[in-house]
Amino acid sequence: MNHIKIICVCGAGTMGSGIAQVAAQAGFQTIQFDLNPDMVEKSKQSIETGLTKMVDKGRMTIADKDAIVNRILFTSDIQQCRADLIIEAIIEKKEAKTGLFQSLSVINAPDTILATNTSSISVTEIAVTIPYPERVIGMHFFNPAPLMKLVEIIRTDKNTDLIIEKTLSVTKQMQKTPVLCKDAPGFIVNRVARHYYLEAMRFVEKEQVSIESIDQLMEASGFKMGPFKLMDLIGMDINYGVSNIVWEALDKPVRLTPSPLQRAKVEAGELGRKTGKGFYNYGSSQ
């Protein structure tokens, strides 16, 4: 049933390179693509660094590491993006994602699965612009992709059972836990998580409690990361963008109104770890 052998990951940022590493570690021939050659090189270095840490911790051998890296073709040439499954992890803008899939449709077979890693954009709205829309599906990984087990599989009304089964199967081969959900605003995790971020920011906006105190309290109660540390890790631009998409898709309910505190951070370019400053100072981009 599952004849997926080659996986192409488009986008060589933190998420894209993480997904490429996951695919290669699972034994798939992997293509890591980005139009920017510098991003491609940065992805290669990031993957090699991550695997080296695993070698140092005794979790794999040097031979294992070399084999994983050798399974990845790093490229900035879109003509090399020919695969059984393509996962896009580019900028969170519908026009960019549909444009990429339209270009990839020209050079790939009609049965190539096109998976979007979108965290909030309607998968259906992407699919209807693509030839053979039944093969467009959502595969929402979480940061950092090599460590986080959950993957939301977002199905549309156009997906065939075979496409869904193949996507679930390949996700399990990646040693991930797939959760199948409908195409709805925010899917499951980002819909529920809005309150984790928004309520925390409302407390701070009203000067009722500090950022540090909220993070400490939430971590002490069992969460791995407090909301402000998590927003810094995800990226303020991404998190704020998701909040806006979910809010607008649900007809702008007051309870989900995006935070002016976060908007100010985005406008100031203080996007979190990747810029060296967000709600916390990191000194340099990480």
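Cβ from N, Cα, C; glycine included.
Counting every protein chain shown, the number of other Cβ atoms lying within 10 Å of the Cβ of Gly13 (NAD(+) binding site) is 18. The NAD(+) binding site annotation in TrEMBL covers Gly11, Ala12, Gly13, Thr14, Met15, Gly16, Asp34, Glu92, Lys97, Ser119, Asn143, Lys274.
Annotation source TrEMBL lists domain '3-hydroxyacyl-CoA dehydrogenase NAD binding' at 7-183.
What TrEMBL lists as domain '3-hydroxyacyl-CoA dehydrogenase C-terminal' is 186-282.
Under the heading site 'Important for catalytic activity', TrEMBL lists His140. According to its DSSP assignment, His140 (site 'Important for catalytic activity') is in a strand. There are 22 other CB atoms within 10 A of the CB of His140 (site 'Important for catalytic activity'), with all protein chains counted.
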Legend entry - Distance, Met15 (NAD(+) binding site) to His140 (site 'Important for catalytic activity') (CA atoms, angstrom): 10
